[in-house]
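Have a look at the structure below before the remarks.
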Amino acid sequence: MTNIRKTHPLMKIVNNAFIDLPAPSNISSWWNFGSLLGICLILQILTGLFLAMHYTSDTMTAFSSVTHICRDVNYGWIIRYMHANGASMFFICLFLHVGRGLYYGSYTFLETWNIGVILLFTVMATAFVGYVLPWGQMSFWGATVITNLLSAIPYIGTNLVEWIWGGFSVDKATLTRFFAFHFILPFIIAALAMVHLLFLHETGSNNPMGIPSNADKIPFHPYYTIKDILGVLFLILSLMLLVLFAPDLLGDPDNYTPANPLNTPPHIKPEWYFLFAYAILRSIPNKLGGVLALISSILILILMPLLHTSKQRSMMFRPFSQCLFWILVADLLTLTWIGGQPVEYPFIAIGQIASIMYFLIILVLMPITSTIENNLLKW
């Protein structure tokens with residue numbers, strides 16, 4: 001008799017995705033982040049659900065409802081901080097996952113990669129609207145500044161901003177709709193993640209060497225289930241260390257002050273995971289130019305398959321490209337640091353240089369380096 005997991009219509013899908021899936025025998029721990037992102041998403045949906053039971057999306061009570069969750073709800077503080085710091089863990093896993101894709105040439109799976117970029121945008125949108133909900137100073141002014149960027153769009157900009165606000169300023173209507181978006185988007189992310197996985201399983205996983213691995217496959221379970229569980233343990237350990245010992249380490253103290261439209265904080269800045277894009281936005285003195293650079297900094301990932309000029313898929317055997325990749329990582333860390341600094345000398349200049357370097361490395365230096373490496377293969 002055939003095993004039920006191979007015949008049952010529902011279990012068959014799970015079986016083909018997580019149990020009997022043929023996986024390359026040499027994929028490293030860099031391939032763990034897909035499953036970790038899945039765990040992060042489940043964790044965020046569950047903690048978010050319990051927070052939504054006590055949260056009120058009204059300008060008068062939003063701030064106090066978050067305080068009420070932390071003070072009066074049973075284990076409300078841990079749920080709140082798991083949700084807030086869970087977002088940080090989510091983005092750490094996301095950046096490492098994308099970095100892995102760039103390093104090992106996984107972007108040649110076009111459908112998987114493009115849906116991944118859409119997922120990145122969706123997660124960023126979710127995090128942005130979520131940051132507005134506690135209705136602290138940084139929530140309010142972050143929402144005001146970022147939504148205001150849309151006014152840079154010629155002709156329809158101002159109307160668009162007021163349409164998103166639901167009025168002439170960030171107010172009750174804005175908060176209510178942002179809560180609605182923040183509730184629905186994670187489920188859209190979950191659906192997109194399934195499509196992401198569907199397309200990945202059409203081709204099978206890439207591997208560190210970037211060569212076909214059809215001749216050497218092993219079942220996903222037990223090998224990679226055990227390996228993933230180890231990753232999950234590390235994820236939960238680091239998250240709980242953050243939540244229990246330094247819950248406000250990555251937050252902004254300004255967000256413990258209730259939103260006040262009459263008082264602008266001295267430094268308006270987003271959460272740490274948006275700082276690199278914020279630095280690129282600020283490095284251009286023109287409003288529309290800054291907005292275009294901001295969008296391009298993420299959208300540039302779509303171009304990666306077109307910019308791939310190397311005869312080898314992975315960077316494993318390409319030392320020059322490896323150097324460039326790590327320079328790019330250092331550049332992104334520099335941008336992240338600059339995004340959190342005040343707009344004054346020397347930070348403005350450093351930000352502008354780092355922004356130019358970011359686009360220069362991806363659009364010009366990487367394709368040229370790959371071509372040089374191709375010619376070196378002939379020797």
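In case you wondered, yes, glycine gets a Cβ from its N, Cα and C as well.
Model, not experiment: these values are computed from the prediction.
The transmembrane segment annotation in Swiss-Prot covers 33-53 (among others), and the record cites similarity to another entry as its basis.
Below 8 angstroms of C-beta separation, residues 30, 33-34, 36-37, 40-41, 43-44, 47-48, 50-51, 66, 69-71, 116, 120, 123, 127, 130, 235, 238-239, 242-244, 247, 250-251, 271-273, 301 of the same chain, each at least six residues beyond the ends of the transmembrane segment (77-98), sit close to that stretch. The annotation transmembrane segment is assigned in Swiss-Prot to 77-98 (among others).
Reduced to three states, the DSSP call for His83 (heme b b562 binding site) is helix. Using a 10 Å radius centred on the Cβ of His83 (heme b b562 binding site) and all shown protein chains, the other Cβ atoms total 21. Residues or ranges marked as heme b b562 binding site by Swiss-Prot: His83, His182.
Sequence-distant neighbours of His97 (heme b b566 binding site) (same chain, six or more apart, CB under 8 Å from its CB) are Phe33, Gly34, Leu37, listed in sequence order. Annotation source Swiss-Prot lists heme b b566 binding site at His97, His196.
For 113-133 (among others), the entry in Swiss-Prot reads transmembrane segment, with the evidence type similarity to another entry. Among residues of the same chain six or more beyond the transmembrane segment (113-133), those with a C-beta under 8 A of the stretch's C-beta atoms are 55, 57, 62, 66, 87, 90-91, 94, 98, 101, 106-107, 139-140, 142-143, 146, 174-175, 178-179, 181-182, 185-186, 188-189, 192-193, 195-196, 199, 270-271, 273-274, 298-299, 301-302, 304-305.
The transmembrane segment feature in Swiss-Prot is assigned to 178-198 (among others). Beyond its flanks by at least six residues, the transmembrane segment (178-198) meets 17, 37-38, 41, 44-45, 48, 52, 55, 57, 112, 115-116, 118-119, 122-123, 125-126, 129-130, 132-133, 143 of its own chain at Cβ-Cβ distances under 8 Å.
Taken from Swiss-Prot, the feature ubiquinone binding site covers His201. Sequence-distant contacts (6 or more apart, same chain, Cβ under 8 Å) of His201 (ubiquinone binding site) comprise Asn16, Ala17, Leu21.
Tertiary neighbourhood of the transmembrane segment (226-246): same-chain residues 29, 32-33, 35-36, 39-40, 78, 81-82, 85-86, 88-89, 93, selected by CB-CB distance under 8 Å and a gap of 6+ residues from either end. Positions annotated as transmembrane segment by Swiss-Prot, on the basis of similarity to another entry: 226-246 (among others).
Outside the transmembrane segment (288-308), and at least 6 residues removed from its termini, the chain residues within Cβ reach (under 8 Å) are 98, 102, 105, 107-108, 110, 113-114, 117, 120-121, 124, 149-150, 152-154, 276-278, 280-282, 355, 358-359, 362-363, 366-367, 370. Under the heading transmembrane segment, Swiss-Prot lists 288-308 (among others), citing similarity to another entry as support.
Beyond the ends of the transmembrane segment (320-340), by six or more residues, the same chain brings 99, 102-103, 269-270, 272, 274-280, 282, 310, 347, 350-351, 354-355, 357-358, 361-362, 365-366, 369-370, 372-373 to within a C-beta distance below 8 angstroms of the stretch. The transmembrane segment annotation in Swiss-Prot covers 320-340 (among others).
Among the features that Swiss-Prot reports, transmembrane segment is placed at 347-367 (among others). Long-range contacts of the transmembrane segment (347-367) within its own chain (CB-CB distance under 8 A, at least 6 residues past either end) are made by residues 279-280, 282-284, 293, 296-297, 300, 303-304, 307-309, 321, 324, 327-328, 331-332, 334-335, 338-339, 341.
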So if I draw a 10 Å sphere around the Cβ of His196 (heme b b566 binding site), how many other Cβ atoms end up inside it?
21
Rounded Cα separation (Å) that holds between His182 (heme b b562 binding site) and His196 (heme b b566 binding site):
21
Surrounding residues of the transmembrane segment (33-53) on its own chain - C-beta under 8 Å, 6+ positions past either end:
69, 79-80, 82-83, 86-87, 89-90, 93-94, 96-97, 100, 182-183, 186-187, 189-190, 193, 228, 231-232, 235
